[in-house]
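Asker: What follows is a single structure, and I will ask about it in a moment.
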Number of protein chains: 6
Amino acid sequence: MRPSGRDLSEMRAVSIDTDVTKHAEGSCLIKIGDTHVLCTASLEERVPPFIKGSGLGWVTAEYGMLPRSTSSRMRREAAAGKQGGRTVEIQRLIGRSLRAGVDRVALGERQITVDCDVLQADGGTRCAAITGGWVALRLAVNKLMKAGDVLSDPLLSPVAAVSCGIYAGQPVLDLDYPEDSAAGVDGNFVMRGDGRLIEVQMSAEGAAFSREELDTLMGLADLGVQNLVAVQKAAVA
Amino acid sequence: MRPSGRDLSEMRAVSIDTDVTKHAEGSCLIKIGDTHVLCTASLEERVPPFIKGSGLGWVTAEYGMLPRSTSSRMRREAAAGKQGGRTVEIQRLIGRSLRAGVDRVALGERQITVDCDVLQADGGTRCAAITGGWVALRLAVNKLMKAGDVLSDPLLSPVAAVSCGIYAGQPVLDLDYPEDSAAGVDGNFVMRGDGRLIEVQMSAEGAAFSREELDTLMGLADLGVQNLVAVQKAAVA
Amino acid sequence: MRPSGRDLSEMRAVSIDTDVTKHAEGSCLIKIGDTHVLCTASLEERVPPFIKGSGLGWVTAEYGMLPRSTSSRMRREAAAGKQGGRTVEIQRLIGRSLRAGVDRVALGERQITVDCDVLQADGGTRCAAITGGWVALRLAVNKLMKAGDVLSDPLLSPVAAVSCGIYAGQPVLDLDYPEDSAAGVDGNFVMRGDGRLIEVQMSAEGAAFSREELDTLMGLADLGVQNLVAVQKAAVA
Amino acid sequence: MRPSGRDLSEMRAVSIDTDVTKHAEGSCLIKIGDTHVLCTASLEERVPPFIKGSGLGWVTAEYGMLPRSTSSRMRREAAAGKQGGRTVEIQRLIGRSLRAGVDRVALGERQITVDCDVLQADGGTRCAAITGGWVALRLAVNKLMKAGDVLSDPLLSPVAAVSCGIYAGQPVLDLDYPEDSAAGVDGNFVMRGDGRLIEVQMSAEGAAFSREELDTLMGLADLGVQNLVAVQKAAVA
Amino acid sequence: MRPSGRDLSEMRAVSIDTDVTKHAEGSCLIKIGDTHVLCTASLEERVPPFIKGSGLGWVTAEYGMLPRSTSSRMRREAAAGKQGGRTVEIQRLIGRSLRAGVDRVALGERQITVDCDVLQADGGTRCAAITGGWVALRLAVNKLMKAGDVLSDPLLSPVAAVSCGIYAGQPVLDLDYPEDSAAGVDGNFVMRGDGRLIEVQMSAEGAAFSREELDTLMGLADLGVQNLVAVQKAAVA
Amino acid sequence: MRPSGRDLSEMRAVSIDTDVTKHAEGSCLIKIGDTHVLCTASLEERVPPFIKGSGLGWVTAEYGMLPRSTSSRMRREAAAGKQGGRTVEIQRLIGRSLRAGVDRVALGERQITVDCDVLQADGGTRCAAITGGWVALRLAVNKLMKAGDVLSDPLLSPVAAVSCGIYAGQPVLDLDYPEDSAAGVDGNFVMRGDGRLIEVQMSAEGAAFSREELDTLMGLADLGVQNLVAVQKAAVA
């Protein structure tokens, strides 16, 4: 029934290659099916003005799509002179999600910027960005710890995200682009490794959903995130 | 326990005054406690390029805060030269939420822009904007129907929104600013008049939540939206 | 002869409600006929770089129109990415006018920003903004004086403004929108409470005027400003 | 008493060289003392969208200052990414002033853009721009008439402008920069060749003025404009 | 003597992987040592306004660096709100260079946009972008020819580019970042497959060079480009 | 054979008038045929952040064209809200070229900004800007030396630039606009007074060139620059 022939609760193949760029403190290339996102974590020994002197660290994220990561070429945001609303919304979500797994006292007064750049898109780029972004963050923090710059681990838990939705009347896990563009209800679940929720975003376009349906989707998401967390752990091991 | 002395499931006082500006096709001033939002609906007999010729209508929204709607003055976005990420995120949510209650075929190839401008802020401005925005939209559509420009009602259902969160360890309904800035978990529920969900956005900052907690919050939201829909109905009667 | 049936030297009804927002140090809603402007005065204990350390205070103003304050919806300036030329021109006028009534030594090294946001427009918004802006400023300064932060009153005189023009060959006071858009000659007079002039801006579009006509208009303006100053005084009493 | 030693009603030396650039349909370099403005008039056989099909013509103006036209270098507006408020205000004034002397029916559906670029500034640049701008416009219109593209002269009258102010307690004509920066009251008078007024802009900074003072300044302006119109006529003869 | 231990006329290892993204009509990942650039060619059946109706085709290019492609993180240009001067300069060079190898009549009225995004930078990114960009272009044009949309081959010759410079007093081929930042004289040579020149850009910073030195560098460039063209041909075979 | 009737190696008439504006520390108006560029050098006792405290000076340049310096009016860059790619490319070239002739230690920690504004364009504006810019720089540095602010001359050599190209199959010196727009190969040579090269930029549009042709053009450039340096020396004598 799904365009890809997958089962309702079947994710696409997931792989995470680490240390893919020589400059970044942490980096990975995450592939979730045909969605490929390059994630880097950059460490700076300075923080934004609003927390200067607080002793707290900061984790933030930026997101971009290469112009031809999509089926027809998009305008380059740097050429357009601004980031679009969707980009801004996504990068705020990534930053909030990653921060929810960080002990900012333990991190100390420094900033880690996670850049998530989509090389190829086929649905679910923001979830891939969060999942891969956490791996890049983990690797960068490992360097800090190995150098003795932080003493206790500032990462409380893995953070991963997956999309779910109602496609052709059925609840499905991990929507690809054909499903995403046809689904009346879909959203993203960001969770910690222990299954607790960090962010739920579910929305209907030209439709509505019940509390029961949300519950079913959350069950699927739980499965998906467990899978992703296992891949994350293997990647950073 | 709540700073305002309200019960956990008690909303602030809600009022909606309609037809508050002489130019807009529909308008209202919604007050939810000390949060005051002026909502106008503007009708145009043209649609955005991407649906030209499709016969479908479009509903979109814009959101702004007056510089001194807040406790300390914010920079005017027009002077800053761009809308901030939060503004963009909110106005996309309002637009999506209102469209979820619209039959775009019945509306016909025309556009209604709902402007939500916050005159005074005390938490929950985006929920007030959705709830008041729907009233403005309803009044504008009434004019279209009275003029015979649309034949069947394009509004499928009222749309209203309320915030919930976990404040000081307790699930609470309709957070005001002091609660909102202290809550570790909070979010917004957008629903139709029949209780079905249109959008759920729940996020944790420096915390996480369980599926059971989400369920409890959804119950509170249900109560709140029923209340708001009753006020909406009285306002447009 | 006037569309509204008013006499040549008759102003529209004027009202000023004070303390209309809970956050601003001073605020009012001024209504001049169907022109409604929300004015707030925000106090900050810092000044712009160019007077830092001078001991002098600063008063500045910003102006905006809600998108549907006008008969057809205007583009939101924040979305357009810049303030239009008319907006810039008006807010510079408001700032200059208000400063002309301020003793900047007595104010001390602090800044008051007066925001004038047009909720509904029907001609004469800049004059209403100046007149209402002065009331908001007066109320904010009162707070400073009551708190003992300034010792002698920095406000030298009330400042108010009114428009005049030649409509259908006749000199008229306080043009509404139908008159404003048809008048070949019109302008604004900003005056102090004692009748001395602060700013005169009179311009002709597709026409010209004589010194005698300017003199007649100035006589009308004198009447109008006396009226406005009386309303200001009552409002802040 | 004046820094330059001039009498109260004495203008600076005025010269206008015409046809100073080979590309523009009309051009001149106007020098008013040490204020030098290059004015060009560019003809285009198209009009702005808002008058398309109306049969009416349009005259508009743009204004700029070279970065080092002033005593200390100003930031280049193109590099800053926008025109400042003062620039916008001035170019709107120039455009309005020139249009006030144009019969837009006689001009026909075409546009003339007058660019006024300040090569060297010493006070009064906007008045020089209007006065020189009219000469450039006159020369461009002459070409149109010679070519038979317009049949009756669209220029109703010369348009010229001069500044006046109260400097050291005395009314003075044509302020140079040292006077301009010290004057508490100053402004600009734009007039037609027959002495009728097109625009009056008089403003006080930290001061106020009486109707009598305005009258005296207007008398000075009258003298100044007669002088300028004579130079304009000689230049285009 | 070179930091990398290479001989003066020795290039870094070069590889070109083709068809690396599923959406673009042509694509490759070019690696020149540690400089990695992802190049895509996007075909559109429309041309820029200035050649509409001319029957001629257009090839253009855009260039970007991922924020952490460099040793310390650069600001994302989309977030900064504009492309920097260096970016603009480079993408104009890439576009000009590629067009020099295109028969625009044979291409027909369509546009190909070549996007060159630097994933990892170690000197010579613009040369890698031109060399890889030509491969992406070749692959996209092959599709057009296979589909019968163009009849004769619009690509006249391969186009490739290499940098040369004077490092530590010696002429060297293909500078990496440590050499590039220390060289007093360096530049880029863009050539066709037959050795004829398309673009020469040689510049000195705090130094100067003789015609003899330029001649020596050109000899090195000749070698380098022959090498690159061989790799290009193998990649597209 | 050349549109102007000039010999292949014949430059246009060159003149440089110095001290043309009263405010700038150094200034000139350079005319190369019908190309007229106003160059000013502005001295500031501060440097950009990246060299603060280094003891080194900085020379930078900005470039602009008046809107009607060209045959049809160009959009004003300040109104467009940004400098175009061509402008950015040119002003970076001017800055680099001038710095190549400066001993930044001898200059000391101060900045000189050279503004090059094209009053009238007929090809070769960037070369005129470099040649005239150096004269303005020389005059400003002379003032510094006369005042004893710098002890040894920071200007190592004159810097001048000329364009060459292949027009109608023939190598020509100093292209005017008709030649420039028709030439398949053209470029700019920036040299010091001793004939050593600072920058070579040669590019082909729809063509290619051989090393022999480049050599011939360089010979022409050599002649041209010798001529320009003689005029520079006379102007600053």
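Cβ coordinates are placed from backbone N, Cα and C, and glycine is handled just like the others.
Per TrEMBL, the feature domain 'Exoribonuclease phosphorolytic' maps to A:10-140, A:158-221. What TrEMBL records for A:Arg86, A:Gly124, A:Thr125, A:Arg126 is phosphate binding site.
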Asker: For the recorded phosphate site, whose residues are A:Arg86, A:Gly124, A:Thr125, A:Arg126, find every other residue on that chain with a C-beta no more than 8 angstroms from the centre of their C-beta atoms, and list them by sequence position.
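Answerer: The surrounding set, listed in chain order, is A:Tyr63, A:Ile90, A:Val118, A:Ala121, A:Gly123, A:Cys127, A:Ala128, A:Ala129.
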Asker: Near A:Thr125 (phosphate binding site), which residues of its own chain have a C-beta under 8 A away, given they sit six or more steps off in sequence?
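Answerer: For A:Thr125 (phosphate binding site), the qualifying residues are A:Thr35, A:Val37, A:Met65, A:Ile90, A:Val118.
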Asker: Say we define neighbours as other CB atoms within 10 Å of the CB. Which of the binding-site residues A:Arg86, A:Arg126 has the fewest?
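Answerer: Selected from the binding-site residues A:Arg86, A:Arg126 on minimum Cβ neighbours within 10 Å: A:Arg86.
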Asker: Once near-sequence residues are set aside, which residues in the chain of A:Gly124 (phosphate binding site), 6 or more away, have Cβ atoms under 8 Å from its Cβ?
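Answerer: Once residues fewer than 6 apart are set aside, A:Gly124 (phosphate binding site) is near A:Ile32, A:Gly33, A:Thr35, A:Val162, A:Ser163, A:Asp174, A:Leu175, A:Asp176, A:Asp180.
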Asker: For the domain 'Exoribonuclease phosphorolytic' (A:10-140), provide the mean pLDDT of the predicted model.
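Answerer: In the predicted model, the domain 'Exoribonuclease phosphorolytic' (A:10-140) has a mean pLDDT of 96.
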Asker: Under DSSP, the domain 'Exoribonuclease phosphorolytic' (A:158-221) has how many residues in helix, strand and coil?
Answerer: 17 helix, 30 strand, 17 coil
